[in-house]
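For 10, 11, 12, 13, 14, 15, 126, 177, the entry in TrEMBL reads ATP binding site. Per TrEMBL, region 'NMP' is recorded for 30-59. What TrEMBL lists as AMP binding site is 31, 36, 57, 58, 59, 84, 85, 86, 87, 91, 138, 149.
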Ligand code: B4P
């Protein structure tokens, strides 16, 4: 089974993907994690994406699609979880073409629905917890970058809701409950 976790920043995509990896032996493909890895490696690409990410804007389609293409070449185990990808219509078209080439299908797109106030609280909390644990907060987990991330979501990513609805893949999940409740709702959708 191949699925997409779609939703605004802080909707819980990464949190829920981790459960699916554990429970269903799926492979999590988080473009956010891949980009943070590139950033911390200090590679040329990492340097190019760092400022864009820290401001809260979207990295170019070309870079992100390239990262995903590389990862699709490996073992697919229980299927792929696309976490935070696609985020633009161009990325969605590219993913469709890549899956077609591989003879794979996209089974379900889970839209995690959470309102903006809750998103801001979660991200601000994550930043505080990171500092309290003696670490540093993610460079984009601050209110200023979050505003840009939310704008990018509504402008560039939310059109994917209609795109996947038209393809008959979309399932909405209430992302407002406790982590375990959201997990149960996703399990209900996936069967
Ligand atoms: P991501 O890494 O995808 O970050 P995100 O959207 O903020 O994370 P997510 O929704 O996974 O939240 P999480 O579960 O961690 O992207 C970061 C940046 O990378 C983007 O802004 C962009 O610059 C770049 N990027 C990534 N993909 C791209 C693409 N395809 N194209 C272009 N650019 C791209 O949850 C957040 C917090 O909430 C956690 O602390 C968690 O514990 C808490 N939480 C989760 N669920 C909860 C619940 N039910 N109740 C209470 N708290 C909960």
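Each Cβ is built from the backbone N, Cα and C atoms, and glycine gets one as well.
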Nearest to residue 85 (AMP binding site) by C-alpha distance, among the binding-site residues 10, 12, 14, 15, 177, is 14
Taking 31, 126, 138 as the binding-site residues, the residues having C-beta under 6 A from ligand 1 are 31, 126
Cβ-Cβ distance under 8 Å, sequence separation of 6 or more, same chain as residue 57 (AMP binding site); the residues meeting this, in order, are 148, 152
The DSSP breakdown of the region 'NMP' (30-59) into helix, strand and coil residues is 23 helix, 1 strand, 6 coil
In whole Å, the longest Cα-Cα distance within the recorded AMP binders 31, 36, 57, 58, 59, 84, 85, 86, 87, 91, 138, 149 is 24
Among 10, 11, 12, 13, 14, 15, 126, 177, the record's ATP-binding residues, the widest C-alpha separation in angstrom comes to 17
Looking at the binding-site residues 11, 59, the one with the fewest other Cβ atoms inside 10 Å is 59
Taken over the region 'NMP' (30-59), the predicted model's pLDDT averages 95
Cβ neighbour count (10 Å, all chains) around residue 87 (AMP binding site) is 20
Around the Cβ of residue 31 (AMP binding site), other Cβ atoms within 10 Å, all chains included, total 22
Residues near residue 13 (ATP binding site) by Cβ (under 8 Å) yet at least 6 apart in sequence within the same chain, in sequence order, are 5, 6, 7, 30, 83, 84, 112
Spacing of the two Cα atoms, residue 31 (AMP binding site) and residue 15 (ATP binding site), in whole angstrom, works out to 14
By the 10 Å Cβ-neighbour count, the most surrounded of the binding-site residues 12, 177 is 12
Quick tally, other C-beta within 10 angstroms, 10, 14; top of the binding-site residues is 10
